[in-house]
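Pulled from TrEMBL:
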DOMAIN    22-111  domain 'Ig-like'
DOMAIN    118-212  domain 'Fibronectin type-III'
DOMAIN    215-307  domain 'Fibronectin type-III'
DOMAIN    311-402  domain 'Ig-like'
DOMAIN    409-513  domain 'Fibronectin type-III'
DOMAIN    554-648  domain 'Ig-like'
DOMAIN    659-753  domain 'Fibronectin type-III'
DOMAIN    756-849  domain 'Fibronectin type-III'
DOMAIN    837-937  domain 'Ig-like'
DOMAIN    948-1044  domain 'Fibronectin type-III'
DOMAIN    1058-1147  domain 'Ig-like'
Amino acid sequence: MGVGEPAQTADLVEIIEREEIPDLELDVELRRTLVVKAGNSIRLFVPIKGRPTPAVTWSKEDTAVKTRAIIDNTESYTLLVIPDCNRRDAGKYDLTLENAAGKKTAYVNVKVLDSPGPPLNLKPKAIDKESITLQWEMPLIDGGSKITNYIIEKREATRKAYATVVMKCPSCSVRIPNLSEGSEYYFRVSAENEFGIGEAAETSDPIRASQAPTPPQMVAITDVTKNSVSLAWTKSKHDGGSRITGYVLEAQKKGTDQWTHVTTVKSLDFTVKNLNESEEYVFRVMAVNLSGRSLPRESKHVVIREQSTEPEFDLRGICQKTVIAKAGDNIKVEVPVTGRPKPTVSWQKDNQALKLTQRTMVENTSTSSILTMNECLRSDSGVYSVTGKNIVGSVTENIIVKVHDVPGPPKGPIKLDKIARTSIEFSWETPENDGGPEYDGGFKITGYIVEKRDLPAGRWIRANFTNIIETTFTVSGLTKDESYEFRVFARNSAGALSNPSEQSDPITYTNSGLVNKDSLRKDGGEFVLTEYKINVSAMNSEGVGEAAAVPGTPKAEERLIAPEIDLDADLRKIVNIRACNTLRLFVPIRGRPTPEVKWARENDEPLDRATIENTSSFTSLVIGNVNRFDSGKYNLTVENSSGSKTVSVTVRVLDTPGAPQNLKISQVTKESVTLIWEPPINDGGTKIKNYVVEKREATRKAYATVNALCHKTTWTIDQLQEGCNYYFRVLAENEYGIGLPIETGESVKVSEKPLPPRKVILQDVTKTSVTLSWEKPEHDGGSRVVAYVVEIQPKGSDKWSQSVIVKVPEAVISGLNTGEEYMFRVSARNEKGTSDPRQIGVPVIVKDLVIAPSAKLLFSTYTVLAEKDLTIDIPYIARPKAAVSWVKDGAPLKRTSRVNFSSTDTLLSLVIKEATRDDVGKYSIKLSNTAGETTVDIGVVVLDKPGPPSGPVKVEEVTSDSVTISWNPPEYDGGCTINNYLVEKRDTSTTAWAVVATNLARTKVKAGRLKTGTEYQFRISAENRYGKSPLLVSESGVFSIPSYSTGPITAKDEIEPPRISIDPQYTQTIVVNAGDNFKIDADVHGKPVPTIHWMKGDQELGNTIHREIKNTESYASISVKEAKLADGGLYTLLLKNPGGEKGVQVNICVLDKP
């Protein structure tokens, strides 16, 4: 019939780009938890889509991840990479896509296998004076593995280094014992899993080892009125090791069990007000420090009313009402006093009013009366009476004060009772009395001390070395022509020493004996007898016989005495002394003339720290603050012209041990190190109980205890990190503590000799050489393989000889004899040693080989980005050398400035610079020699933008307002899949092009909204991941890159009722489990393009978080994610256009729990 009249739209229609809600596709691995080992990279690759291109945001725990992550976003994917990850990178990574059409979110859970993070909320749970109990929570990050153990360390606040106190702690609480009361400590706790020991959590402030204080010693009621009570209390006897910060006061009314908090104060008294008159109360006080409250101390029960009570003194704090003090001490007597009205207090001594002076004072407070005597004297002894008076009555209490003084000096003058040639016996009297009891300070005289000094300027030194009980003493060992003075001290049973007695008259030892002032002649000279005539007579009962003269003239001369040493019995045994004390070796000596004294240590050890004092009668050696190095033998030698004498004193300083000796590494494996050592030379004077073995990684500074109770001189430290370097040290322990350490001088790598190389392969043989290769050892022993040793054995010989040492797993053994047969073997070597050898499978005969060409092709196709360089290397083997020819796409390959090819005896190389699509194709390499030939085929793909779509452009359908056109894909797709086509149209009366479709996957499109009778032209471009192709343009039949022109097309009308093509499965009820996804889709047809409606019941459906509807001109789908019971029911797909309506129904049943 022909074409009808055209219809025209009333308004202009604007063609805009179609919007598409963002979407993404998570890989199966990313839907589950992604597990990565620490030190590796986290890679999250997610394909995305959406129009316009969505904005991509990665976050972790609501925080951007740009600081740690490298993020690459394109139109089609997003990639997040975190190199060298650690435990902190574990967690939930949120991905958000957003554009003008909508928003899409997803997340990926990442688990990093690492040592744990720090424990949380580390704090003290309980504290006492010698222990602290810690508690904590598990780390937020467990490193992807179960926490198996916690390690606890401590350090004193005054020190910098931590010491391990607990190596094995499976729970989140531990008690740290053996702390010093009042000391402050820091603690840190580290969690451990199968991957190692993690970060430590440390206490932010030091914790003092203390406990709650003891209760106040007494709570006294000092005043009562009709509505208040005044209380006072004394300090706690012990503050628990931490300063008392205050006192808590509570009250309890009679008839109730409840204690009421009154106040917290820092003072020692308080007045409780607003009490009920005539009610009975009891009060209690508790001391408070950082560790808590003390037990309470209660007061007496008290009735609240105005009271009158007679005075009362509380003498419970004075033992037996007696105060004993040493002369010179300060005496303070505090007597609590009660009574209403407040009593007046007075003091008396020996029934006389007490005389107050600057030394003797009385202070009366609201609760007590205090008597103070500063620098008390023996005269302050006596009976002190304290009297309290008020209107009710009077009361008096007696207190006895005893002052113990030093004894008086022994009474002189010193009498010379018996004089011998080199000694003198003298005596004195006991200390005087002072009119009262014997003036001995109230204690029995227990002994005397005699001192002498050389005149005229000597100092006083002690003459007796044992206690003198009697009042007589003999001094010997006096020196010729020397003058002396003597004096005496008394000592009582309290240890008090008197002032010295009057000193004796000077006494001089001469040739004639001892001389004092009474032995001088009247002319002032001495009675000196230099020569003697001696007669000897016999005597019996009848009388004296005749005398016989001794021949010669005897003369008095000084007698020579060989040196002697009086070594005390205690010094003959081993002298034991605790470290830090003072060593005193006091040895009496004698000899004529005065011997020379020399102290020395065995092995010529120095005596720099010793103070040595020598006199004519003794020698002393003093060393202060001794330590273990002062142990040993001390040799004393005295020598004069008559001879010499040597004795030894053995000193043992009881101290912690010295360092163990000769620490050595006896064995190393890939996960353990065995140490061996010898006991310390100095054991600290007591038996070594055990050894402490410690380790530290070379990259750390702190040691960790491996074994605190090692009873042998060897130990194997296992569970070490293979390939890591460690230092080790050993300390000895005795009953006095842990001694000095001995440390390995250099770090020890935890490794062992490697395993043998794997398979040994014969690579090549010539008439004089063999080329071998081998696979690396399966395990390098924890230390890098530094070389390989190749050994050779000629046939008929049992001996292996070293041929070469190489660093790579390949070697050429040359200089061999043609025709001979050889065996070969290879060993791997690292810093710990050489592995067992690996032998080649069969003997090798040395001769030239004939081998047909054979190439080792790694890939059959090679890709390269456009304008980038490509190098292809193909190893091959051929004997003799092969002839090589190169062919591309059936034609000989030509060398150009960009394309080059070459070959060696073993390698084929093709180099393409700045690759273009001209380089795409099939390359063939032909190898031939006398043994045969072979051909190697490889393909080269250049990744580039595609070529233009191919014509002809076909007109499929024409209506009054649309045209359907089709075309063919590009001949060259750019080496990858065509993503989409871009189709544009132009009214031939204008120069402006409008978009018809931007994301078209098919080579066919329907261009709608055309004006009837108007001529249009179209142009099409293809797009892949590398860009857009040149255009296929329909322009008056002339194209820039022509394939086919549609020419001008006139739109005409065509109507086709809607119809639906759907899978037969949807005719049955679709059963879905709750939580699963389901999808309904169908192809749709109709002219004009029908409108698409998805219905459920009478309600039209739209997009939600769980439901997504996708409709195109030829396709309709609805997808439901994680279906619920409510998602079941009857779904209707309804199509409408001017030709009519068409619908299809699908029933969905969702199975869920009841």
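The backbone N, Cα and C atoms fix where each Cβ goes, glycine too.
Remember, TrEMBL labels are computer predictions, not curated facts.
On the 0 to 100 pLDDT scale, the domain 'Ig-like' (311-402) averages 88 in this prediction. The domain 'Ig-like' (22-111) shares the most Cβ pairs under 8 Å with 118-212, out of the stretches 118-212, 311-402, 409-513, 948-1044, 1058-1147. For the domain 'Ig-like' (1058-1147), the most Cβ-contacting stretch among 118-212, 409-513, 554-648, 659-753, 948-1044 is 948-1044 (pairs under 8 Å). Contact check: the domain 'Ig-like' (837-937) against the domain 'Fibronectin type-III' (948-1044) gives at least three Cβ pairs closer than 8 Å, residues 6 or more apart, which meets the contact criterion. The domain 'Ig-like' (554-648) shares the most Cβ pairs under 8 Å with 409-513, out of the stretches 118-212, 215-307, 409-513, 659-753, 948-1044.
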